[in-house]
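Undergrad: I have a structure I would like to understand better, so I am pasting it below and will then ask my questions one at a time.
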Amino acid sequence: MQQITILGSTGSVGVSTLDVIARHPDRYSVYALTAQSKVEELAQQCARFKPQVAVVGSAEAAKKLQVLLDAQGLHTQVGYGEAALCAVASAPECDSVMAAIVGAAGLAPTLAAARSGKRVLLANKEALVMSGPLLMEAVAASGAILMPIDSEHNAIFQCMPATCQRTPLAHGVEKILLTASGGPFLKRDVNTLDQVSWQEAVAHPKWVMGRKISVDSATMMNKGLEVIEAHWLFDLPAERIEVVIHPQSVVHSMVSYVDGSVLAQLGNPDMRTPIAHALAYPERISSGVPPIDLIQIAQLSFERPDFLRFPCLKLAYDALQAGGSAPAIMNAANEIAVQAFLDSRIGFRAIDQLIARVMDVMPSVAITDIESVFAQDRCARELANSFIPS
(Lines of atoms letter the chains of each structure in order from A and count residues from 1; the text may use other names and numbers.)
(Lines give C-alpha, C1' and ligand atoms only; values in the text may rest on other atoms or scores of the structure.)
Protein backbone atom coordinates (compact mmCIF):
# COMPACT_ATOMS: atom_id res chain seq x y z
CA MET A 1 0.00 0.00 0.00
CA GLN A 2 1.53 3.29 -1.14
CA GLN A 3 1.00 6.28 1.19
CA ILE A 4 0.49 9.56 -0.67
CA THR A 5 0.83 13.19 0.39
CA ILE A 6 -0.99 15.61 -1.90
CA LEU A 7 0.31 19.17 -1.73
CA GLY A 8 -2.53 21.30 -3.11
CA SER A 9 -5.34 18.75 -2.90
CA THR A 10 -8.18 21.21 -3.60
CA GLY A 11 -6.68 22.43 -6.89
CA SER A 12 -7.45 20.84 -10.25
CA VAL A 13 -4.43 18.49 -10.19
CA GLY A 14 -5.07 17.55 -6.57
CA VAL A 15 -8.70 16.72 -7.27
CA SER A 16 -7.69 14.63 -10.29
CA THR A 17 -5.10 12.80 -8.17
CA LEU A 18 -7.73 11.90 -5.58
CA ASP A 19 -9.98 10.66 -8.38
CA VAL A 20 -7.27 8.25 -9.57
CA ILE A 21 -6.46 7.15 -6.01
CA ALA A 22 -10.13 6.45 -5.31
CA ARG A 23 -10.17 4.01 -8.23
CA HIS A 24 -7.39 1.93 -6.63
CA PRO A 25 -8.04 1.63 -2.87
CA ASP A 26 -6.03 -1.60 -2.83
CA ARG A 27 -2.88 0.24 -4.00
CA TYR A 28 -3.00 3.74 -2.52
CA SER A 29 -3.99 5.50 0.68
CA VAL A 30 -3.76 9.18 1.56
CA TYR A 31 -1.28 10.19 4.26
CA ALA A 32 -1.74 13.97 4.08
CA LEU A 33 -3.80 16.58 2.24
CA THR A 34 -2.99 20.29 2.04
CA ALA A 35 -4.77 23.43 0.86
CA GLN A 36 -4.18 27.15 1.22
CA SER A 37 -7.65 28.42 2.12
CA LYS A 38 -10.39 26.15 0.72
CA VAL A 39 -11.19 24.80 4.17
CA GLU A 40 -14.67 23.43 3.47
CA GLU A 41 -13.49 21.49 0.43
CA LEU A 42 -10.50 20.16 2.33
CA ALA A 43 -12.78 19.00 5.16
CA GLN A 44 -14.90 17.10 2.64
CA GLN A 45 -11.79 15.44 1.24
CA CYS A 46 -10.68 14.50 4.76
CA ALA A 47 -14.07 12.93 5.43
CA ARG A 48 -13.75 10.76 2.34
CA PHE A 49 -10.05 9.84 2.35
CA LYS A 50 -9.29 10.07 6.10
CA PRO A 51 -5.69 11.31 5.95
CA GLN A 52 -3.53 11.28 9.04
CA VAL A 53 -2.65 14.96 8.57
CA ALA A 54 -4.21 18.02 6.91
CA VAL A 55 -2.33 21.30 6.42
CA VAL A 56 -3.68 24.76 5.59
CA GLY A 57 -2.12 28.14 5.03
CA SER A 58 -2.87 30.01 8.26
CA ALA A 59 -3.70 29.57 11.94
CA GLU A 60 -7.17 30.98 11.31
CA ALA A 61 -7.84 28.43 8.57
CA ALA A 62 -6.49 25.66 10.81
CA LYS A 63 -8.97 26.56 13.57
CA LYS A 64 -11.84 26.55 11.10
CA LEU A 65 -10.75 23.19 9.68
CA GLN A 66 -10.42 21.68 13.16
CA VAL A 67 -14.01 22.67 13.97
CA LEU A 68 -15.27 21.06 10.76
CA LEU A 69 -13.30 17.85 11.36
CA ASP A 70 -14.40 17.63 15.01
CA ALA A 71 -18.03 17.96 13.94
CA GLN A 72 -17.59 14.86 11.78
CA GLY A 73 -15.73 12.89 14.43
CA LEU A 74 -12.53 12.81 12.35
CA HIS A 75 -9.15 12.41 14.02
CA THR A 76 -7.01 13.99 11.29
CA GLN A 77 -4.19 16.07 12.77
CA VAL A 78 -4.29 19.70 11.60
CA GLY A 79 -1.25 21.88 10.88
CA TYR A 80 -0.58 25.14 9.08
CA GLY A 81 2.20 27.07 7.39
CA GLU A 82 5.33 26.24 5.42
CA ALA A 83 6.97 24.16 8.16
CA ALA A 84 3.92 21.90 8.32
CA LEU A 85 3.92 21.53 4.53
CA CYS A 86 7.57 20.50 4.57
CA ALA A 87 6.87 18.06 7.40
CA VAL A 88 4.14 16.15 5.53
CA ALA A 89 6.25 16.20 2.35
CA SER A 90 9.18 14.56 4.13
CA ALA A 91 7.36 12.39 6.69
CA PRO A 92 8.73 8.82 6.97
CA GLU A 93 5.17 7.45 6.70
CA CYS A 94 4.82 8.98 3.23
CA ASP A 95 6.03 7.16 0.10
CA SER A 96 5.04 9.55 -2.69
CA VAL A 97 4.35 13.28 -2.84
CA MET A 98 2.12 14.96 -5.39
CA ALA A 99 3.64 18.45 -5.64
CA ALA A 100 0.67 20.40 -6.99
CA ILE A 101 0.86 23.73 -5.15
CA VAL A 102 0.82 26.47 -7.78
CA GLY A 103 3.65 28.98 -7.89
CA ALA A 104 6.60 29.77 -5.66
CA ALA A 105 4.71 28.62 -2.56
CA GLY A 106 5.31 25.02 -3.64
CA LEU A 107 9.10 25.27 -3.78
CA ALA A 108 10.05 24.57 -0.15
CA PRO A 109 7.85 21.47 0.36
CA THR A 110 8.86 20.08 -3.04
CA LEU A 111 12.53 20.43 -2.09
CA ALA A 112 11.77 18.81 1.28
CA ALA A 113 10.23 15.81 -0.48
CA ALA A 114 13.20 15.49 -2.85
CA ARG A 115 15.73 15.72 -0.03
CA SER A 116 13.85 12.97 1.82
CA GLY A 117 14.15 10.55 -1.09
CA LYS A 118 10.46 10.43 -1.96
CA ARG A 119 8.86 9.63 -5.28
CA VAL A 120 8.03 13.21 -6.24
CA LEU A 121 5.16 13.64 -8.70
CA LEU A 122 6.04 17.09 -9.99
CA ALA A 123 3.10 19.22 -11.09
CA ASN A 124 4.60 22.40 -9.62
CA LYS A 125 6.76 23.48 -12.56
CA GLU A 126 7.86 26.62 -10.71
CA ALA A 127 10.02 24.48 -8.40
CA LEU A 128 12.29 23.61 -11.32
CA VAL A 129 12.00 27.02 -12.94
CA MET A 130 13.10 28.83 -9.79
CA SER A 131 15.65 26.39 -8.43
CA GLY A 132 16.45 23.80 -11.10
CA PRO A 133 20.00 23.03 -9.96
CA LEU A 134 19.00 22.80 -6.29
CA LEU A 135 16.12 20.42 -6.96
CA MET A 136 18.10 18.19 -9.32
CA GLU A 137 21.01 18.07 -6.84
CA ALA A 138 18.59 17.06 -4.07
CA VAL A 139 17.14 14.28 -6.23
CA ALA A 140 20.61 12.95 -7.09
CA ALA A 141 21.85 13.11 -3.49
CA SER A 142 18.84 11.40 -1.88
CA GLY A 143 17.93 8.90 -4.58
CA ALA A 144 14.48 10.45 -4.95
CA ILE A 145 12.45 9.61 -8.05
CA LEU A 146 11.19 12.63 -10.00
CA MET A 147 8.10 11.91 -12.10
CA PRO A 148 6.81 14.73 -14.33
CA ILE A 149 3.06 15.37 -14.18
CA ASP A 150 2.71 18.10 -16.79
CA SER A 151 1.21 16.26 -19.74
CA GLU A 152 4.02 17.46 -22.02
CA HIS A 153 6.89 16.32 -19.84
CA ASN A 154 5.14 13.11 -18.95
CA ALA A 155 4.78 12.49 -22.69
CA ILE A 156 8.52 13.08 -23.21
CA PHE A 157 9.25 10.73 -20.31
CA GLN A 158 7.15 8.02 -22.00
CA CYS A 159 8.78 8.58 -25.42
CA MET A 160 12.36 8.50 -24.11
CA PRO A 161 13.84 5.30 -22.61
CA ALA A 162 14.69 5.70 -18.93
CA THR A 163 18.31 4.76 -19.65
CA CYS A 164 18.88 7.89 -21.74
CA GLN A 165 16.82 10.53 -19.93
CA ARG A 166 19.81 12.10 -18.17
CA THR A 167 22.09 11.90 -21.24
CA PRO A 168 19.69 12.16 -24.20
CA LEU A 169 22.14 13.66 -26.72
CA ALA A 170 24.53 10.76 -26.17
CA HIS A 171 21.68 8.34 -26.89
CA GLY A 172 20.52 9.71 -30.23
CA VAL A 173 17.97 12.34 -29.21
CA GLU A 174 17.96 15.20 -31.73
CA LYS A 175 15.42 17.41 -29.93
CA ILE A 176 12.15 17.36 -28.05
CA LEU A 177 8.96 19.01 -29.24
CA LEU A 178 6.60 20.41 -26.62
CA THR A 179 3.08 20.86 -27.94
CA ALA A 180 0.85 23.77 -26.99
CA SER A 181 -2.83 24.33 -27.73
CA GLY A 182 -2.25 28.03 -28.38
CA GLY A 183 -4.88 28.94 -25.79
CA PRO A 184 -8.09 30.89 -26.32
CA PHE A 185 -6.50 33.74 -28.33
CA LEU A 186 -4.59 31.77 -30.96
CA LYS A 187 -6.58 33.25 -33.87
CA ARG A 188 -7.65 36.52 -32.29
CA ASP A 189 -6.49 39.80 -33.85
CA VAL A 190 -3.30 40.73 -32.00
CA ASN A 191 -4.36 44.38 -31.98
CA THR A 192 -7.42 43.54 -29.86
CA LEU A 193 -5.66 41.47 -27.20
CA ASP A 194 -5.40 44.33 -24.71
CA GLN A 195 -9.19 44.45 -24.65
CA VAL A 196 -9.73 40.87 -23.48
CA SER A 197 -11.15 40.20 -20.02
CA TRP A 198 -9.77 37.76 -17.49
CA GLN A 199 -12.95 35.71 -17.96
CA GLU A 200 -12.04 35.23 -21.62
CA ALA A 201 -8.43 34.42 -20.74
CA VAL A 202 -9.33 31.62 -18.32
CA ALA A 203 -11.70 29.94 -20.81
CA HIS A 204 -9.21 27.37 -22.10
CA PRO A 205 -10.46 25.56 -25.22
CA LYS A 206 -9.19 22.09 -24.19
CA TRP A 207 -8.04 21.80 -20.57
CA VAL A 208 -9.84 22.36 -17.27
CA MET A 209 -7.36 24.26 -15.09
CA GLY A 210 -7.11 26.88 -12.35
CA ARG A 211 -7.26 30.59 -13.15
CA LYS A 212 -3.54 31.34 -12.88
CA ILE A 213 -2.37 28.51 -15.12
CA SER A 214 -5.19 29.30 -17.58
CA VAL A 215 -3.90 32.86 -17.97
CA ASP A 216 -0.37 31.46 -18.34
CA SER A 217 -1.70 29.28 -21.14
CA ALA A 218 -3.30 32.27 -22.85
CA THR A 219 0.03 34.18 -22.77
CA MET A 220 2.01 30.97 -23.43
CA MET A 221 4.10 31.71 -20.35
CA ASN A 222 2.98 28.27 -19.24
CA LYS A 223 4.79 26.79 -22.22
CA GLY A 224 7.79 28.96 -21.49
CA LEU A 225 7.93 27.61 -17.95
CA GLU A 226 7.70 24.11 -19.44
CA VAL A 227 10.68 24.81 -21.71
CA ILE A 228 12.77 25.62 -18.63
CA GLU A 229 11.36 22.60 -16.81
CA ALA A 230 12.26 20.35 -19.75
CA HIS A 231 15.81 21.70 -19.73
CA TRP A 232 16.29 20.48 -16.16
CA LEU A 233 14.33 17.24 -16.42
CA PHE A 234 16.03 16.01 -19.59
CA ASP A 235 19.36 17.88 -19.56
CA LEU A 236 18.82 19.56 -22.92
CA PRO A 237 19.90 23.05 -24.04
CA ALA A 238 17.30 25.58 -25.13
CA GLU A 239 18.03 25.08 -28.83
CA ARG A 240 17.05 21.40 -28.51
CA ILE A 241 13.64 22.23 -27.02
CA GLU A 242 11.11 23.27 -29.64
CA VAL A 243 7.55 24.47 -29.03
CA VAL A 244 4.89 23.48 -31.57
CA ILE A 245 1.31 24.74 -31.51
CA HIS A 246 -1.16 21.87 -31.81
CA PRO A 247 -4.74 23.11 -31.29
CA GLN A 248 -6.33 19.66 -30.94
CA SER A 249 -4.27 18.85 -27.79
CA VAL A 250 -4.13 15.17 -28.73
CA VAL A 251 -0.36 14.83 -29.24
CA HIS A 252 1.04 15.80 -25.86
CA SER A 253 4.69 16.01 -26.96
CA MET A 254 7.27 14.30 -29.16
CA VAL A 255 10.89 13.18 -29.17
CA SER A 256 12.87 13.47 -32.41
CA TYR A 257 15.85 11.12 -32.86
CA VAL A 258 18.93 11.44 -35.07
CA ASP A 259 17.83 8.51 -37.26
CA GLY A 260 14.72 10.40 -38.38
CA SER A 261 12.31 8.70 -35.98
CA VAL A 262 9.82 10.83 -34.06
CA LEU A 263 8.02 9.24 -31.12
CA ALA A 264 4.82 10.86 -29.85
CA GLN A 265 2.45 10.25 -26.95
CA LEU A 266 -1.23 10.73 -27.73
CA GLY A 267 -4.26 10.84 -25.47
CA ASN A 268 -7.33 12.76 -24.45
CA PRO A 269 -6.56 16.06 -22.66
CA ASP A 270 -7.13 14.84 -19.11
CA MET A 271 -4.58 15.18 -16.29
CA ARG A 272 -5.60 11.83 -14.83
CA THR A 273 -3.56 10.08 -17.54
CA PRO A 274 -0.13 11.46 -16.54
CA ILE A 275 -1.11 11.22 -12.86
CA ALA A 276 -1.94 7.52 -13.18
CA HIS A 277 1.26 6.93 -15.14
CA ALA A 278 3.42 8.64 -12.52
CA LEU A 279 1.69 6.94 -9.58
CA ALA A 280 2.09 3.43 -10.97
CA TYR A 281 5.32 3.65 -13.01
CA PRO A 282 6.73 1.34 -14.29
CA GLU A 283 3.34 -0.40 -14.16
CA ARG A 284 0.09 0.85 -15.71
CA ILE A 285 -3.25 1.39 -14.00
CA SER A 286 -6.67 2.61 -15.08
CA SER A 287 -7.04 6.39 -14.92
CA GLY A 288 -10.71 6.70 -15.80
CA VAL A 289 -9.79 8.43 -19.07
CA PRO A 290 -11.28 6.86 -22.22
CA PRO A 291 -8.95 6.17 -25.16
CA ILE A 292 -8.88 8.66 -28.01
CA ASP A 293 -10.95 8.05 -31.14
CA LEU A 294 -8.59 8.91 -34.00
CA ILE A 295 -11.33 8.41 -36.60
CA GLN A 296 -13.51 10.99 -34.89
CA ILE A 297 -10.60 13.42 -34.48
CA ALA A 298 -9.76 12.92 -38.18
CA GLN A 299 -7.13 15.67 -38.41
CA LEU A 300 -4.10 16.81 -36.43
CA SER A 301 -2.51 20.17 -37.22
CA PHE A 302 0.71 21.86 -36.13
CA GLU A 303 2.20 25.34 -36.50
CA ARG A 304 5.09 27.41 -35.18
CA PRO A 305 4.39 29.89 -32.37
CA ASP A 306 4.58 33.59 -33.16
CA PHE A 307 6.71 35.51 -30.65
CA LEU A 308 4.86 38.73 -31.54
CA ARG A 309 1.60 37.13 -30.44
CA PHE A 310 3.21 35.28 -27.54
CA PRO A 311 6.09 37.44 -26.22
CA CYS A 312 6.04 35.61 -22.87
CA LEU A 313 7.35 32.50 -24.61
CA LYS A 314 10.33 34.51 -25.89
CA LEU A 315 10.92 35.90 -22.39
CA ALA A 316 11.15 32.36 -21.02
CA TYR A 317 13.73 31.33 -23.63
CA ASP A 318 15.68 34.50 -22.77
CA ALA A 319 15.57 33.64 -19.05
CA LEU A 320 16.79 30.11 -19.70
CA GLN A 321 19.69 31.38 -21.81
CA ALA A 322 20.61 33.94 -19.12
CA GLY A 323 20.60 31.29 -16.40
CA GLY A 324 21.21 31.95 -12.72
CA SER A 325 18.31 33.71 -11.05
CA ALA A 326 16.76 34.98 -14.32
CA PRO A 327 14.07 32.25 -14.43
CA ALA A 328 13.14 32.93 -10.78
CA ILE A 329 12.92 36.66 -11.49
CA MET A 330 10.74 36.04 -14.53
CA ASN A 331 8.48 33.65 -12.62
CA ALA A 332 7.98 36.08 -9.72
CA ALA A 333 7.17 38.96 -12.07
CA ASN A 334 4.75 36.75 -13.97
CA GLU A 335 2.88 35.73 -10.81
CA ILE A 336 2.45 39.38 -9.81
CA ALA A 337 1.42 40.39 -13.34
CA VAL A 338 -1.12 37.59 -13.72
CA GLN A 339 -2.72 38.36 -10.37
CA ALA A 340 -2.92 42.04 -11.31
CA PHE A 341 -4.64 41.06 -14.56
CA LEU A 342 -7.08 38.78 -12.71
CA ASP A 343 -7.81 41.71 -10.37
CA SER A 344 -8.46 43.92 -13.44
CA ARG A 345 -5.58 46.24 -12.45
CA ILE A 346 -3.69 45.81 -15.74
CA GLY A 347 -4.62 44.73 -19.25
CA PHE A 348 -3.71 41.44 -20.90
CA ARG A 349 -0.85 42.84 -23.00
CA ALA A 350 0.60 44.56 -19.94
CA ILE A 351 1.49 41.13 -18.51
CA ASP A 352 4.48 40.55 -20.80
CA GLN A 353 5.46 44.23 -20.63
CA LEU A 354 5.63 44.12 -16.84
CA ILE A 355 7.68 40.91 -16.85
CA ALA A 356 10.12 42.30 -19.43
CA ARG A 357 10.54 45.49 -17.43
CA VAL A 358 11.42 43.58 -14.25
CA MET A 359 13.84 41.32 -16.14
CA ASP A 360 15.54 44.36 -17.67
CA VAL A 361 16.04 46.04 -14.29
CA MET A 362 17.11 43.03 -12.20
CA PRO A 363 20.41 41.39 -13.15
CA SER A 364 20.72 37.62 -12.94
CA VAL A 365 22.85 36.32 -10.06
CA ALA A 366 24.08 32.85 -9.14
CA ILE A 367 21.69 30.54 -7.28
CA THR A 368 23.56 28.85 -4.43
CA ASP A 369 20.83 27.90 -1.95
CA ILE A 370 17.10 28.21 -1.35
CA GLU A 371 17.59 31.45 0.59
CA SER A 372 19.13 33.11 -2.47
CA VAL A 373 16.18 31.91 -4.57
CA PHE A 374 13.66 33.40 -2.16
CA ALA A 375 15.65 36.65 -1.93
CA GLN A 376 15.51 37.07 -5.71
CA ASP A 377 11.84 36.09 -5.71
CA ARG A 378 10.97 38.72 -3.07
CA CYS A 379 12.93 41.45 -4.81
CA ALA A 380 11.30 40.72 -8.18
CA ARG A 381 7.82 40.74 -6.63
CA GLU A 382 8.43 44.07 -4.92
CA LEU A 383 9.76 45.55 -8.15
CA ALA A 384 6.84 44.21 -10.19
CA ASN A 385 4.32 45.60 -7.71
CA SER A 386 6.02 49.00 -7.86
CA PHE A 387 5.45 49.09 -11.63
CA ILE A 388 1.68 48.47 -11.37
CA PRO A 389 -0.44 51.65 -11.41
CA SER A 390 -2.18 52.22 -8.08
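Each Cβ is built from the backbone N, Cα and C atoms, and glycine gets one as well.
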Undergrad: Besides THR10, GLY11, SER12, VAL13, ASN124, GLU126, which of GLY182, GLY183, GLY210 does Swiss-Prot list for that NADPH site?
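TA: So the NADPH site in Swiss-Prot includes THR10, GLY11, SER12, VAL13, ASN124, GLU126 plus, from the candidates GLY182, GLY183, GLY210, GLY210.
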Undergrad: To which of GLU60, GLU226, GLU239, GLU242 does Swiss-Prot also attribute binding of Mn(2+) at the site defined by ASP150, GLU152?
TA: GLU226
Undergrad: When a 10 Å sphere is centred on the Cβ of ASP150 (Mn(2+) binding site), how many other Cβ atoms does it contain?
TA: 25
Undergrad: Run through THR10, GLY11, SER12, VAL13, GLY210 for me and report the binding-site residues whose CA is within 10 Å of the CA of LYS125 (1-deoxy-D-xylulose 5-phosphate binding site), in sequence order.
TA: none
Undergrad: On the Cα atoms of THR10, GLY11, SER12, VAL13, ASN124, GLU126, GLY210, which are listed as binding NADPH, what is the maximum pairwise distance in Å?
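TA: Roughly 18 Å, rounded to the nearest whole number.
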Undergrad: Determine, from DSSP, whether VAL13 (NADPH binding site) sits in helix, strand or coil.
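TA: In the DSSP reduction, VAL13 (NADPH binding site) maps to helix.
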Undergrad: To see if you understand the setup: which same-chain residues, six or more apart in sequence, place their Cβ under 8 Å from that of GLY11 (NADPH binding site)?
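TA: Looking at Cβ-Cβ distances below 8 Å from GLY11 (NADPH binding site), excluding near sequence neighbours, one finds ALA100, ILE101, VAL102, GLY210.
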